[in-house]
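K.L.:
Supplied in structure tokens, the structure appears directly below.
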């Protein structure tokens, strides 16, 4: 149901002449999980600034509504059974594919966009001009995101604290697919490797640190039992602060 809904949404925006995105490239057609979508362009680049300004409000509201429906549909479709073989399909940072995914997970992008709109809580025009890219804003910590395979991870820690082996391939009806994990971690080559950006170093010690969250993956425990388990992967780069003593 979720995959069908995704296909309808992508087709809908692909057919619109005055869409917020000029193009939507869908890659990873062999994947069983959510395809990646990259969007470019604005209304002004399609029909000119006047036409764009007239339709911007209604289209933005429509897009937000579609995002909310998509996220609600994903929540309803999450399986309740612990050992369901489809469990990984409902984790936005996990994908089964025959090749390396070329884009971030779709739900990952939609959740980021929805969170941004909720936080802004402004008119459409103000939202556009409050885009961090337009204001030259920078992140407190520099992070990098990439797809990694089970061959890269090999082992992981599950929710019980035990070490499990992450299986590289998952059997499906037509063969096998690889497990891919979309990980985010602090950039060791970034400008924030020696401290967080924008922090007053006279009063604070700061450090950018990679944090982890749980995702569903096909694994094997120490007793050779294979099953779907929650494992920890790198999911964000955050700033930690400690006050300097003696001040």
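Every residue gets a Cβ built from N, Cα and C, even glycine.
According to Swiss-Prot, the record shows the following:
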DISULFID  141-208  disulfide bond
DISULFID  186-237  disulfide bond
DISULFID  196-239  disulfide bond
CARBOHYD  121  N-linked glycosylation site
SIGNAL    1-18  signal peptide
K.L.:
Using a 10 Å radius around its CB, how many other CB atoms surround residue 141 (disulfide bond)?
P.N.:
24
K.L.:
Please classify the secondary structure at residue 141 (disulfide bond) using three-state DSSP.
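P.N.:
In the DSSP reduction, residue 141 (disulfide bond) maps to coil.
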